């Protein structure tokens with residue numbers, strides 16, 4: 001399903017409304033990544049397009065390298081600290097002169113000569129004192145700026161350390177997921193082989209013992225047979241309830257979708273083809289954390305619905321390929337639908353995606369539900 005969306009660069013509004021915010025963000029990121037990949041591929045195919053871009057040429061020094069001038073380090077330049085000192089002194093002097101001129105214009109107009117000289121002396125002293133005060137304040141401001149810069153550098157260092165820790169945690173999480181996935185696959189294989197050996201032991205005969213052990217494969221659910229002339233081609237998306245039933249019978253039943261891992265029993269969490277409203281009605285009186293899995297009517301796959309304290313949540317499960325995975329949220333792939341559910345019922349899986357761990361009331365038999373839906377449809381026709 002994801003490959004089809006990336007190929008068309010389009011998602012239907014109805015399907016988009018089924019996704020939550022996290023799923024939408026991941027989907028938009030994948031679409032943007034595909035756009036960048038196509039753009040790079042076009043650039044490689046058409047080199048003349050890249051030659052039309054503007055370019056710059058760096059000024060080279062006598063040594064052939066790019067010429068670089070650092071203020072205060074070239075011959076004849078003043079040190080940076082001296083330049084800053086002179087600028088602060090000049091700034092303080094000009095501001096003090098301006099304040100003295102304002103004071104002189106306001107007080108000397110009405111004084112006699114002696115008073116004028118005395119006033120000028122006082123103004124001169126005030127000017128010098130003010131220049132010193134301004135110089136000191138500028139120095140303090142510079143020290144405060146240096147201290148703030150050091151604090152910012154320390155915060156930047158801490159954030160980088162935190163980022164490294166998060167990367168290490170993510171790396172450990174991926175390794176742990178792989179380990180848990182392999183354990184789940186091994187458990188399923190061991191359980192299947194144990195059931196197989198048990199059947200061979202119960203059904204063995206003297207003839208079998210005399211001619212060697214006979215390998216017996218577990219019989220999957222009865223699979224509908226179709227003539228070569230009636231080969232069904234799956235459309236890109238479900239277009240009717242009959243196509244969903246046909247898809248489930250032809251593709252999903254042979255893969256034991258909806259069954260327990262190592263038996264022919266329908267899983268208690270699987271409820272076949274029911275609507276969103278029906279699933280919410282089943283979960284309405286259930287405890288928080290109860291969930292069920294139903295066949296989706298929008299994509300080739302399933303929908304996991306579960307109860308929360310604030311209402312209900314629904315996650316799409318993509319089954320259009322040869323694996324099962326949550327659409328847009330969880331890129332982990334599982335061989336069977338039961339593997340996906342069992343993995344996310346563990347505490348490790350709950351930390352990766354918010355999936356409940358308690359099934360709702362046991363489901364009815366899947367094939368009875370499918371046959372009843374098909375008969376009802378035929379009676380309407």
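Cβ from N, Cα, C; glycine included.
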Among 142-165, 166-189, 238-261, indicate the range for which TrEMBL gives the feature region 'Disordered'.
142-165
Of the residue ranges 207-226, 267-286, 287-306, 307-326, the one that TrEMBL records as region 'Disordered':
207-226
Looking at 57-91, 92-126, which one does TrEMBL call region 'Disordered'?
92-126
For the domain 'SH2' (269-345), give the DSSP counts of helix residues, strand residues and coil residues.
16 helix, 27 strand, 34 coil
Do any residues, 6 or more residues outside the region 'Disordered' (142-165), come within under 8 Å Cβ-to-Cβ of it, and if so which ones?
84, 88
Write out how many residues of the region 'Disordered' (92-126) are helix, how many strand and how many coil, based on DSSP.
33 helix, 0 strand, 2 coil
